[in-house]
Amino acid sequence: MAPVHAPIRPGESTADLCDRLGPLARVCGAPLRAYGGLRQACAPVATLRAQGSADGVRAWLEQPGEGRILVIDGGGVPEQALLGDRLAALGLATGWRGAIVHGAVRDVAALAAMDFAVLALGATPRRAAGGGAGAPGCALDLAGVRVAPGDWVCLDRDGVVFVSAPRARGTACSARRP
């Protein structure tokens, strides 16, 4: 596959990325916890506003992921999981690198065993009710950080950093899509 430009250099941590890009590196201040087995990743972003329904999450993850990470605005609701082991397995099978959920997930033991990045505010055993596809492909606000489709997200044990798409294209490094 053709190389894509990434805002992170191979092996570069989010801390080093912040040092290098300064204010262009937008650090997500939401108290996200890592649940997936993949703990370091850098990938283009797809976005979904999916408050109260996992239907849109399934619809996105059924599509070819092309190495992207799905950023889901679940409104910060802790009582309903928007992602669990089945949806994560679907995403993994269709080429997604992971999901960041501004809300809850479930099946955390199974998620930890997957080579899939999953970050969320918390976990609950209750799944979200159905009821709509949500709003795919829109700009989101996660704890004061604007996230748009095509932006890049880099994550590791230090945190989550977003870089706008124009800045990502203007960097010198290349990464291969999985």
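Each Cβ is built from the backbone N, Cα and C atoms, and glycine gets one as well.
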(request) With GLY84, ASP85, ARG86, LEU87 listed by TrEMBL as binding substrate, identify the candidate in ARG49, ARG106, ARG126 belonging to that site. (result) ARG106
(message) Whole-number answer please: how many Å between the C-alpha atoms of LEU87 (substrate binding site) and ASP107 (Mg(2+) binding site)?
(response) 10
(message) List the residues in the vicinity of the substrate site, defined as same-chain residues other than GLY84, ASP85, ARG86, LEU87, ARG106 with C-beta within 8 angstroms of the site's C-beta centre.
(response) ALA81, LEU83, ALA88, ALA89, VAL105, ASP107, ALA110, LEU111, ARG127
(message) Using a 10 Å radius around its CB, how many other CB atoms surround ARG86 (substrate binding site)?
(response) 15
